[in-house]
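The structure under discussion appears below in the form of C-alpha cells.
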2 protein chains.
Amino acid sequence: MPITVYQPAPLRPGTLRVIPIGGLGEIGRNMTAYEIDGKILIVDCGVLFPEETQPGVDLILPDFSPIRDRLDDVLGVVLTHGHEDHIGAVPYLLRLRSDIPLIGSTLTLALIEAKLKEHRITPYSLTVREGDVEQLGPFELEFIAVNHSIPDALAVAIKTVAGVVLHTGDFKMDQLPLDDRITDLRAFARLGEAGVDLFLPDSTNADVPGFTALEREIGPVLESVIAKAPRRVIVASFSSHVHRVQQVLDAAVANDRKVVLMGRSMVRNMGIAADLGYLKVPDGVLIEAKKAVDLPDNKLVYMSTGSQGEPMAVLARMANLEHQIEIGKGDTVILASSLIPGNENAVYRVINGLIKLGASVVHKANAKVHVSGHAAAGELLYCYNILKPRNVLPVHGEYRHLQANADLAIRTGVPEENTILAEDGTVIDLRDGVATVVGQLDLGYVYVDGSSVGEITDADLKDRRILAEEGFISIFVAVDAQTGRVIVGPEIQARGFAEDEDVFDAVMPQILKALSDAAANGTRDTHAFAQVIRRTVGRWVNTQHRRRPMIIPVVIEA
Amino acid sequence: MPITVYQPAPLRPGTLRVIPIGGLGEIGRNMTAYEIDGKILIVDCGVLFPEETQPGVDLILPDFSPIRDRLDDVLGVVLTHGHEDHIGAVPYLLRLRSDIPLIGSTLTLALIEAKLKEHRITPYSLTVREGDVEQLGPFELEFIAVNHSIPDALAVAIKTVAGVVLHTGDFKMDQLPLDDRITDLRAFARLGEAGVDLFLPDSTNADVPGFTALEREIGPVLESVIAKAPRRVIVASFSSHVHRVQQVLDAAVANDRKVVLMGRSMVRNMGIAADLGYLKVPDGVLIEAKKAVDLPDNKLVYMSTGSQGEPMAVLARMANLEHQIEIGKGDTVILASSLIPGNENAVYRVINGLIKLGASVVHKANAKVHVSGHAAAGELLYCYNILKPRNVLPVHGEYRHLQANADLAIRTGVPEENTILAEDGTVIDLRDGVATVVGQLDLGYVYVDGSSVGEITDADLKDRRILAEEGFISIFVAVDAQTGRVIVGPEIQARGFAEDEDVFDAVMPQILKALSDAAANGTRDTHAFAQVIRRTVGRWVNTQHRRRPMIIPVVIEA
C-alpha cells in the first residue's frame, strides 16, 4: 500500500514536532527527531540489517533527509543503549557533522566510541546516568534506568513547553536482573502522576502474551549443560550481551572450566564491559586461545559469535571445519541466543553441520538458554497503567508489533484517537497535551554497500533480484553506421542462465536475420537495433526455456 | 563437510539394497530405491522447494542417476501420500520411462494423475488400500493405514527373501482423527512380532518433544474466531489439507456463512477430494466467487492458498491490494498453517500488509489454528516400542532430525550400531537381519528452472548469488588483430552495481591505458587483453568502492 506523502505546515513556536525517522515498520535503524523552537534533539541513530530481498547490502541507514539541511540546529543525539540498531548509524551521521554531541550512559558511549574509532572520529560526548537531568536548549532531559539485554540502558523523558514525552528505548522489566538495575517504575509513576503527554514505547514483543522470563533462570541451565558436557563447550551469543556472557563465565567457574572469548566483536565488547565493571570476570577464568590447547577439553568453554548463522562468524566456520577448533564427537554447542526471523535456514545449516560433526547442540528450542530483551504484553500493560499517558506512539517494530502495542494502550484506557500508528517519516505535533499527525515525509532506505552510502538504490536491488532469479544474457554487436550491417559480433555472454554456452547456437542465426531484416528496412539507429535483439532473444528464451533472464543488448556504431 | 564417495560391491543374489535417493539432509524430494535380484522398487518421488541460496530455481528433483540406466528394472513406484515432496517428481521420472506403474491409494493416485495430466502423461496405476498385499516380482508389499495431514496416507511393508522393511512415509498418530482412520498400530504390532529387519521412519518432528495435538482441536478455534468476526473471514492453508478445509467448511456452516474456494490448486484439489468423498461438502456451503458479491460480508468465508507468503498467491496479492477482494477494516484473516523455516520474512510481510489494511490476523503464534502432520518424539517412541525393529534408518529430515530420531531408537533399545545415519546416496545392504552401509554415491541437486531440467548447475547458482550480492560490470572491446589497438569500445554495461553510469568515467582512461600498454608490450591475444581489463577494473572497484562485482571482459578481434 503506497503511503500518501504530504508536507506539514511550518512548525509554530511552542509546539513540539516528533518525526520517527527510522524503526517504524521494521526492527532496526531506530531514530527519532524532536524539534521545538528551531532546535532539534535526536534519540538513537541505528542501523537495520538487510533481508534476503536486499542482496549484497551491508547495512541500511535511516534516511537523514528530514534533518540533513538542519544539522546545525541539532543539539545532540541521545543514545538509549549500545545495540547496533540504536547506535550503528552514528558514524554516518557524524560524517555529516562531526561535532554533534552524543549523550548516553557510560557503557553506551564506550561502545559507540570504540565504533567511531574505526571510522576515525572522536565524538563530543556527554556521559549521563539514571536520575540525571540535563538542559539542552529548549529540551529538559531526565534519564531513567531501564533493564534490557545490554547493561546501562536508559529511557529519556523529554520535557518542553509543549509537554512531556517519555521515550523508553528498548526495555523489559526483569524484576530480578543480574545487576539489580531494574526498570525504574517509581520514576515512571512520578512522571505519570505529573502527566505524560506522549509515550513512545518499545513494541518488539507487544504481540507476545505474558511476561519475559528472568535472565537469571538461564544460569542454572548453562551450568547443568556444562556440567554434563564430556568435552569442550562452545557457547554462541550476541557479542554485546554482557549478562549472558557473565552467566557463561560463572557457569564455567562452577564447573572448574576456563573460558576463551572468540570473535573480534566479542573480544572488543567484553574488554570494554570488563574495564568499566559491567562484566565481573572471576579471577583467572579467561584465558587466551593459544593457552587453551594446553588444557584438557573438559576444562574449556569457548564463548563465540555467530549465533545467527552468519557465514563468516566463528560458529559457522566451526560447522564447516574451517576453524582451528575442529568440532568432533562429545563437543557441546550452546546457542544462547534468539533466532531472528529470516535467519532460520542459516542457523539450521550451522546446527546440522555441527551435529554431523558429532556435537550435541543445545538451543532455545530444546532448552531454556535464551530470554528476550524486550517487554512482552504483560509488562507493557504495567507501564501503561503506571504512566496513564495522554497519547501513545508505539515505536520499534514492524506494523504488526506497533498495532499490538496500540491495542494494549487502548485496553488500558488510552483513547483510540490518541493512539498513533505511524510510519517512518510521519510528522506528529504535540501542543497542549494534544498529539496530531500533521504530515508524512517520503523517507527511503539508505543502503550501505562496501564503501558506498546511498549509491545503491531500490532499482539496483531490483536488478540484483532479477539477476539472482534469472541471470542475464548480454548480446554485443557493432554495426556499420552507413549500411546497418553487422561488422562485429553478435557476441553473447551469459551468467546464471545455463552452464552450456552451446545453448545460444540456436538463437544466433535468428539474431542475425532479425538485424539484417531491420537494416534492409532502413533501420540505422542503435536503439532500434537493440530493441530488435531484445525482442528476438526474449521471445526465444520465453518459448524455448520458459525463462525471463535480463536481456542486455549492446549495439554500437563502428 | 565433503562426503566420501565410494562405490558398493555388486549386489549379491538374495541381498536387499536400499538407497535413499532424496529426503535425507533435507525436508523434501523424498525418494528411496529398493533392489533385490535385479529388480527395483521405488518408494515416493517428490520435489524439494528451493531456499534463498538457490535463487530462481522452481523445484529441486532427486538425482535419478542410481536408477537412470536401470529404468527397465523398475517394477513400480509406491507413493505413500499425495504431498508434493512425495509425488512432485513423478512427472520427471515418467518422462524417462512413461509406463512405470504407480502404486498408491485412491486419493494419492487422483492427485498425481491430475498433475500428470498437465504434463500430458497418462500413467499406469494400481490402486491399493490399507490391508492390501501385492506381489511385485521379488517384493511382497503390504499397505498399512497411517494418519497424516492429507487423507489416505499409507505406510508400506516390503517383504523380500532378505528380510522385512517397514517404510512409514509421513505420518503422525492422531488418536481421534477427523476421518477415524488412525495409524494402524495393530499392524505395526503384528509386523513387529514377526520381526522387522529395517525400519525407515519419518524424522520431521523427531526433535519435537511430546505429542502432536489433535487436528480436531482446531475446529472449535476456527468456529469461535469466525463467530466473532464482524466482516469477511479469509482462511489460508495448504491446498491439499483436506481435513483443515473440512473444518473450515464445518465452522462456516455453524456460523451460517458460505465458503468460496480461491486459488487454482485449492479449487482443483478440493474438487478431487470432494468427488472421491474425502471432503464432505455440506449442502450449499460452497459458492462461486462471483456469487459472493451478492452476500453480506459477514456471511462469507474465503478459503485460499498463500499461507507461506508466496508472492503470487491469493493472500499476498490481497495484502498488496492486488486482488479483487479489497481487505479492509473488520476483515479477519486466519493463517491455518505451519510457518516453514525460511518463509518467515515473506509471511510477516503479508501479515504486516494485512494488518495495515485494517484486518485482524490470527495465526499459530496467537491461536491454535495449526497442528503438525508429523509424529513428535513421544509418538515415535510408541512406534519403536511396538515394532522393536532390528535396524533403523531414519528418513525424511535434515541431519538434526535424523539424529534426533536415531537417538529415540537407541533410547528404546535399538543398538547404536544398528541405527544408520545416512545421507542421500548412502547404499545400505540388508541380509540375514543385518543392515550394512556398503557405499556412498555422489548425488547432486537437479534444478528445474522454467522448462529446463538439470541445465542450471551449482556453478550457475553461485554466479546468481554473486550477481545478487554484487551485480556485474561487463566491458566490451574489439581490437585490431594485427596491431592490438582498440578499434571499438570500451563499452561498459553494469547492473546492480550503481545507479549512476558516470561512475565508470573514472575507470575508462585506466582501461584504455592498460590495453594500450599491453599492446605496446606485444600482447595480441584476446584472453590476455581480457585479463588486463579484469585486473584493471577489479582493482578500481576494490579500492574505490570496496566491492566485488562480477567483472566480465569481452574482447574480440576485428
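Placement of Cβ uses the backbone N, Cα and C atoms for every residue, glycine included.
In TrEMBL, annotation is done automatically, which means it is predicted and not curated.
As written in TrEMBL, here are the features:
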type     : residues                                                                       : note
ACT_SITE : B:Asp202                                                                       : active site, proton donor
ACT_SITE : B:His374                                                                       : active site, proton acceptor
BINDING  : B:Gly56, B:Asp58, B:Asp449                                                     : Ca(2+) binding site
BINDING  : B:His81, B:His83, B:Asp85, B:His86, B:His148, B:Asp170, B:His396               : Zn(2+) binding site
BINDING  : B:Ser239, B:Ser240, B:His241, B:His370, B:Val371, B:Ser372, B:Gly373, B:His374 : substrate binding site
DOMAIN   : B:28-222                                                                       : domain 'Metallo-beta-lactamase'
For B:Asp58 (Ca(2+) binding site), name the DSSP secondary structure in the helix/strand/coil scheme. coil
Does B:Asp85 (Zn(2+) binding site) have same-chain partners at least 6 apart in sequence with Cβ under 8 Å from its own Cβ, and which are they? B:Gly23, B:Ile27, B:Gly28, B:Arg29, B:Asn30, B:Gly46, B:Val47, B:Leu48
Same chain, |i - j| six or more, Cβ under 8 Å of B:His81 (Zn(2+) binding site); the result in sequence order is B:Ile87, B:Gly104, B:Ser105, B:Thr108, B:His148, B:Ile150, B:Asp152, B:Ala153, B:Leu154, B:Gly169, B:Asp170
Residues that sit under 8 angstroms from B:Asp58 (Ca(2+) binding site) by C-beta distance, when 6+ apart in the chain: B:Pro50, B:Val448, B:Asp449, B:Gly450
Cβ-Cβ distance under 8 Å to B:His370 (substrate binding site), same chain, at least six residues away: B:Ile218, B:Leu335, B:Ala336, B:Ser337, B:Ser338, B:Lys364
Subset of B:Gly56, B:His83, B:Ser240, B:His370, B:Ser372, B:Asp449 (binding-site residues) with C-beta under 8 Å from chain A: B:Gly56, B:Asp449
Near B:Val371 (substrate binding site), how many other Cβ atoms are within 10 Å of its Cβ? 20
Of all C-alpha pairs drawn from the substrate-binding set B:Ser239, B:Ser240, B:His241, B:His370, B:Val371, B:Ser372, B:Gly373, B:His374, the farthest apart lie at a distance in Å of 17
Measure from the Cβ of B:His83 (Zn(2+) binding site) and count the other Cβ atoms within 10 Å, all protein chains considered. 26
Nearest to B:His83 (Zn(2+) binding site) in three-dimensional space, by Cα, is which of the binding-site residues B:Ser239, B:Ser240, B:His241, B:Val371, B:Gly373? B:Ser240
Specify the secondary structure state of B:His374 (active site, proton acceptor) as given by DSSP, simplified to three classes. coil
For B:Ser240 (substrate binding site), which of the recorded positions B:His86, B:Asp202, B:His374, B:His396 has the nearest Cα in space? B:His86
Among B:Gly56, B:His86, B:Asp202, B:His396, which are recorded as recorded positions, the nearest neighbour of B:Gly373 (substrate binding site) by Cα: B:Asp202
Mapped DSSP class for B:Asp202 (active site, proton donor), helix or strand or coil: strand
